[in-house]
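K.L.:
Questions regarding the structure given below will be posed in turn.
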């Protein structure tokens, strides 16, 4: 992959260098800090679109919630400020049972971690959501330690996984009626339909609808990269060995294996990276205020976390080839407003589809990464509200919940990791030739 990306003035080599030398090492450290490693999620929400027939029903595939008596009262209260100290068939079931250990989510938390959650409850004034948010006060919502539950290959596949991605692409990606071929890259292609000629329809869409498709394709590519890079290579004496699977990477991205579509999917990953990078640079003023304190109860750690986050923001601002979101929704006001609302509702629908993912670990990371992207979109279209924030009091015009902050950082961390893993696969491919 080389050269300039479509719909922006940025080249792939610049992103590679920027990510490798500036962003990746710092975002890795940030994700390990207590404030960002715990994510509250409801993995038991029913699928709103079809009967939930693909869900693993065996013990190791679901999360054991913490007993009610052990959860600190501050979590259940749901009113205190979270960052300020002051304020489908038997074959599928067999696949699932075979993969049960791989898909299990580790939900154990230390007592210190539980105590740190006291001031991390929900607080939200914003209505401009791009995502369907979990109700953190639901008895089914629980904290998950993301470091104990890394995103990797779980064996989740088959009709259930196919249906999720098919619904995302076919029902939400502004597909013109004249295009008959499925957008879903998992769908079987028809005859002599090569990838490049298929994409000519995309050029006929308006910028906003093109961007929407690229974001979804980029997210799909990123998730596939994580699965290829963290694949179960072998399991001897009950000890699993995880690592990069070059054959799987080739199957998903090589031009000859994908009828030329693989490199395009990877370019969409870079495009998504640019969008979320732009959002981080735009939201910096929100966190630079003294009133925002990434509160866990440990003053020293909180100060270090905030310093590291602000350091990353400085790096994002120093990047010279940002995507220009002002080019979006820039037509006549009425049409632009209508298109933005359509864009928002389509994305919100995709966040709801994540409750249809059958594997708990895949559902966890799917929900987190869509919420992270949804938070990035919310930031990009709230520039005026962010610029007019009061310095010393919580804002009414623009607000982020702790969940949105955690999702934003971890979702961008996943993209940064994807681009880093792509460099590793380039080396591995050269070694195998």
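Backbone N, Cα and C atoms are what each Cβ position is placed from, and that goes for glycine too.
Reproduced below are the annotations present in TrEMBL:
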DISULFID  56-61  disulfide bond
BINDING   152, 154, 165, 217, 220, 252  FAD binding site
ACT_SITE  359  active site, nucleophile
DISULFID  359-362  disulfide bond
ACT_SITE  362  active site
K.L.:
Around residue 217 (FAD binding site), how many other CB atoms lie within 10 A of its CB?
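P.N.:
Cβ-Cβ neighbours of residue 217 (FAD binding site) within 10 Å number 24.
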K.L.:
Looking only at 152, 154, 165, 217, 220, 252, the residues listed as binding FAD, what is the longest Cα to Cα distance in Å?
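P.N.:
Largest Cα to Cα distance for the FAD-binding set is 21 Å.
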K.L.:
Measure from the CA atom of residue 152 (FAD binding site) to the CA atom of residue 362 (disulfide bond) and give the result in Å, rounded to a whole number.
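P.N.:
A Cα-Cα distance of 8 Å.
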K.L.:
So what sits near residue 252 (FAD binding site) in its own chain, CB-to-CB under 8 Å and at least six residues off in sequence?
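P.N.:
For residue 252 (FAD binding site), the qualifying residues are 224, 228, 258, 262.
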K.L.:
Using all protein chains in view, find how many other C-beta atoms are within 10 Å of the C-beta of residue 362 (disulfide bond).
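P.N.:
23, counting other Cβ atoms within 10 Å of residue 362 (disulfide bond).
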K.L.:
Taking 10 A as the limit, how many CB atoms besides its own sit near the CB of residue 152 (FAD binding site)?
P.N.:
20
